[in-house]
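A short worksheet on the structure shown next.
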């Protein structure tokens, strides 16, 4: 029963695989493939198949359990399913022969039979023999599967005879076939079935295979199966066929041809491979690893099938290839990304076509590496190439690897970039050309559509080249520009017509009649018509403008952030805050004044004498003054000391003040120069603010040997210099005494120093002042128009650069306070800076003592706004007009600027206001001296202005004279004249430093109120207030006339008839008196009588006014009025420092407006105003104005007391522009007459040597020219260096040689050259203008001028030759007479100036301009010689001719035809060109007598 229940065991067969075996001699160097055949059948998976099996074993391996000392291997068993579904188990035995690895002979075994007999054995026995897997198993049996041969014995059921049909293995096929034949014979004896397996058919040799088939065909039932263990082809078929032969029930064996079986197997592999590759394609991250992926796929059937067929190694290789492809794809994308971003990088680093157009690729690479943005676009990797670094994984780093640029692709992109730039340049050029074409089409108006214009440009080349989108874009841009420009011009036109809008009160609404009037006036303007197609926009702009005019605020200002009010507030907020910080530091450094350090400056031993006198009056250097003891540290320095500047200021000695003592014109001139240098250097270096504020005191020494001879001259000169320098002047006390210095002088000077120091401490006190406005002596409003083309700091610099400037009352963000000496006292002046639109409310509602009206000479609208504002200002209020432009040259080169500046001066002349020009390129005008005369005028009229203001506001009596402001509690002492440091960084001429800065000189009309000092300077008459001809009140006391003294005959620089001239000048009264009695001539008067004595010497102790005059008996019955001004308003007189001489006259009429005083203003207003004024008609207004002003003009002569001197400091290159009143015809006639008389009295010309500008000793500068050159180097080294520097770096500098360079830089250049002749100017970082100034200074310092004095007359005569060619040849012959050294240098300099003039379109320096700048330097004129004044223009034209005709004079070239060849100037009537007694300069551009017809006495022309 049990047996029946047991399942039947599947049949089991043992197959023995046999074939050629033995030593290498028998079988060759490889086997016939028995082991591979067994391996592939038993373990068919690719990972379990081992292609290498060895038969050479060691004794140990041979004796191991796997081989077990047998010459056969047990491969295990495999269960196989037949086609009928019946299973069978097949045990596989391989019969082989193992070779000893020592002897290379077969191992000795228990069976000693040869292989042929052993292989044919049907019974095999080996106890505990293990299954063989691979060679590595031997010796390591425990690491592999251990499976024993069943029961240690097996019976062989069939044989599989292997025959190798491949080539090679160093054996002959015939020998193998012979061996096989013998083996087959033995196998046949066993009566077991045999099948031949043709192995290695994948490397089959057909001939061998045919022999095998032939061999088999000769045998009965011997089948041949073609196999390949490598590709697993027909392996299973061999064993299946053998089993079928053993078991007849399984059917007949089916042998498949090799090729068919191979194809079937390969198809199976390809299908599995495709499925596996698709499986691998699901992996997209090239960072994935095989281990991770295989673990995820190990259960997938496609994965398992491929692993079985191809193995893990191939699967890994397939995966690796896929990962590599992913990586390469990623790299490719990154490369494409980099290549695509290269154009953008090139555009960033190499945007300029001109720079790279001619560069090759390598040069472009080097250029890119130098760019600052290189690191933003490219990254230089430490390792290359870039695609093998981790940079490929930095997705967020978009920088391009620099080594990528070494590829051809990158170079191609660069070439494309260059071509793109070329094409883009062409496209832009065409767009711009098209734009210019549109600009040339005049009929294109703002707002015109493109369709109306397109038909006119269809044939244009540029239009055809660019695209339609480009053409529309260009036209749209053109339309925007012309519309914006038209709107700006329309707005500017509205400002130019400011008089049309500013006639209504603020916050008013314009009526329909007014609007109609506005449209009527404006409709005639082309700028109004230009916006015809944009009428709504035009109306909007007009209404916006009107709305702003009638409701002006800085928030709604049409200039936006460029509103003057906003800019002023911002500037003052920062500037005043910085001043406060500086004051705090200065205050803490200057509080101790128990010890006084005094610097005493003098000439010819005067300083030491004064120091000795002070020590005589001291006790152990302690000086008693006003009950206090001061320790004095005196440091006298003589003018001849070479280290005078270095001695002034040291770390150990910081002076509190400087006593400047003089007793002659020379010593006074030296003092003026020295103080100017100190202040200039202090302001430029700004190393110590205290040095800038150093107080100076001028002390006049007594002259024991010539008492009263030239004392008046020195007194006048000293007082004038003190006024200019804003410092005290200590006069010689009255009476006679034997010593040079009086104790009272020393005490007065010391008090002045102490008071100055005390005042400076008050000014710089860290406690904010912010005093109430009521404490201000004067309130000035400065007006400027919004949007003018200059910065507000330019017009405010005269105030902000002054140390006496401080903040105004808290809350007043647009005001500042000035402490300034006006008259004889220090005054507090409030300056309020406003826009014109903000000033209108101030003009109507607040008290203003004076207006400073600023306008741009480049802008008509600025002048229009000024006219509109000025027209409504009361004529009692003084006005200062200020025209602002870039440089002096603008007046000569720009007609529009010339017209506006002329109009400004013309208006100023008509209303008797002051006028000045301010240049942004000039430093000199940035000083408060610009407004000093204006402040004096305002202070003089203060009471009249306040009374008029009260009269208008309270409607009280016009005779009311009470001051609006409370009198200032401050009391000013006579010696409280403190200097303004920053204001005087450059003292007025003649004390300004050498340079090209424009200087303010009074016009001839202004000089009628002045006398000329010994230096050619004008100064007010001593002790006389600064009154003007144009005042309405003519009851002015005459000037005090000091008693004349007989001068010494040897006084330098005096005209022969000095005494008579002085007396005549002092005796003249330029004012019109109330009496009609004619004045006596000066020569008819007794020189010892008729001189008014100042009453301060008599009534000072009684508290009377300083300006009361006592009149002696007058033998000529001349009437001189005496006014006792303390009768009315004594307190106001004391406050102002002037007599109230105007209040009475002005109290008799109601003030008018300036538009009724100016024909220009009224004509403008009349053209606008259509309605009738309520008070009077236009004619009545003019008649009234004329009647009140009739007869107030009277010409006044200048007093030619002294000859001008040192005019090379007077700004020859830049003539001053300053005038403040009208000029009389008689004056010009008198001057012309005087010049003719002076020519008759001319004297022999003397050699003139100006003093050197240097303040240090030099062994080079100032030396004779012959000492500085050699035959090898005929040009001085310094001249060569300067010229080379200028021509290398500055030929195109605007204003070269005209614009002044920094004087400190000029001095440093010469000092450095003194120390080292090999200096490099470029390394000094100095400006071209500084080098140009140093070059001019070199020639100015030469002992003799470059053009010798001896040849001046010949040059003058040659220049008068009418014929141009003859004149040039005559000049050429004269030049040949130069000393050889002078000739070489002169040729070098003129050649250089010719090169400069060739760039005149850029640097604006024509030959004419250069000659103006250079001829005084080259010819060294003697301005003391009046005869010379009439020939200045001729000398200048000579130098201009040399520059223009440089090639002709020096290089035998042809005469150059110039557009403005200078003709010889007329020799007659020189007075029409140059005024006598005026420092040489170009004709003043803004003086009415030179640029416009002479004004009549009545400018309105009513009579």
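Glycine residues also receive a Cβ, built from the backbone N, Cα and C atoms like all the rest.
Among the residue ranges 915-944, 945-974, 975-1004, 1095-1124, the one that Swiss-Prot annotates as region 'Disordered' is 975-1004.
Listed ranges 868-896, 1129-1157, 1274-1302; the one Swiss-Prot annotates as region 'Disordered' is 1129-1157. Of the candidate ranges 839-861, 1069-1091, 1322-1344, 1345-1367, Swiss-Prot annotates residues 1069-1091 with the feature region 'Disordered'.
Annotated range for region 'Disordered' in Swiss-Prot, selecting from 1022-1050, 1370-1398, 1399-1427, 1428-1456: 1022-1050.
Of 294, 1005, 1177, 1219, the one with phosphoserine in Swiss-Prot is 1219, while the others lack that note in the record, though it may still apply to them. Helix, strand and coil counts under DSSP for the domain 'FF 4' (482-548) come to 50 helix, 0 strand, 17 coil.
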